[in-house]
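Report on the following structure.
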Amino acid sequence: MRGVCVSILCVSVILRSAISQPPTESDTYTECTDGYQWDSQTQHCKDINECETIPEACKGEMKCFNHYGGYLCLPRSASVIPAQDPPSQPGTNLESTAREPFNPCPLGYEPQGDSCVDVNECERDEHDCQPSQQCINTPGAFTCQCPDGYRKVGTECIDIDECRYRYCQHRCVNVPGSFSCQCEPGFQLAGNNRSCIDVNECDMGAPCQQRCYNTYGTFLCRCDQGYELGPDGFACNDVDECSYSSYLCQFQCVNEPGKFSCQCPEGYQLLGTRLCQDINECETGEHQCTTGQTCVNIHGAYQCVDTNLCQDPYIQITDNRCVCPVTKPACRDLPFSIVHRYMSITSERSVPSDIFQIQATSVYPGAYNTFRIRSGDDNGDFYIRQINNISAMLVLARAVTGPLEYTLDLEMVSVNPLLSYQTSSALRLSIYVGPHAF
């Protein structure tokens, strides 16, 4: 038997003929087996080179290799390495061959009646297969087949390293006669035992404290709003939003698990989520003013003022207006009328700031009006800016911080030089400065 091996596969061919076949009968016998032709010069059967005699014996990228009694089509990168001939059996020589009975049948066949039948070398144990190999009978010959997972090199069976052929998507582990596939962490083998499919760790109890997001081959932990991911990548820690900025709330920020809230001081209510708005206790009825008092709302609180604020020699004309009659001698150097007004401003107001406009209610022809602060501004926190003959603006000159209360008498002096007439009226303005800047 003679075999041929190539770099990518090994093919064993049973050859019971030598390079040439001697005639088995008289000199007139010129028939040869398939793949051979009679050579009249050497009087032997000569191998036919099908690679030369058959046009395009191999198609495509295959290359033709001539072989005894036939040919092989192998990849162009293959090379043929003839296997060694088996050692000659001891005691076999031409003399003993000559004593064998004449066999008119081709090699691998034996006569049976008038015909030639195949010899089953496997059943007769007339083969040289290794114990690990399986003998398979073929017409006129036999082959030695290796178990699955092995390939034949010469007469030996060598384990096939299937991992070289990239059968596995991730990792391949070669074992004698077979192989197994393994997947990277985060994957598991598919039903074909070769491909790897993603494992959804979120459905399998991933250690995320709040939210789990499956990704290809792994997973990510995320936290709800108001929390941040801890150093371990799993736990969620509360975010103290109040420590990040002092401008989150207008008054006070209170941190809570996963969020924060804003609080307002007494007398204020939350406007939206962050701003504070003064509560008008006079409108809501949340005051304790009596029947003879008027409720005045101020920033963060309220004031109860008497309804009758007129002091002698003034007499009350309306709820907030007092008049000093000219018939009373004590009224000569006093403003003719006093009007009571109330207002509230916030602390830390930017200055200068216009806070109150004074407007004359009656104007006499030919009269010239001037405005001044008659009393109440001992520290010089205010000043008057006259706009025209009938109006002026009270201006806050310095920033003030409450709670504070001012009572300013703003006087308008009217002079008529043609009639040699002078009079005045006053606006008693109570200013309440709230304790906060809102």
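Positions of Cβ are set from backbone N, Cα and C atoms, glycine also.
The model shown is predicted, which means the values in this text are computed figures rather than measured ones.
Pulled from TrEMBL:
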- 118-158: domain 'EGF-like' (DOMAIN)
- 159-197: domain 'EGF-like' (DOMAIN)
- 238-277: domain 'EGF-like' (DOMAIN)
- 1-20: signal peptide (SIGNAL)
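Here the domain 'EGF-like' (118-158) has, by DSSP, the following mix of helix, strand and coil residues: 4 helix, 18 strand, 19 coil. For the domain 'EGF-like' (159-197), residue counts in helix, strand and coil come to 4 helix, 16 strand, 19 coil, using DSSP. According to DSSP, the secondary structure content of the domain 'EGF-like' (238-277) in residues is 3 helix, 18 strand, 19 coil.
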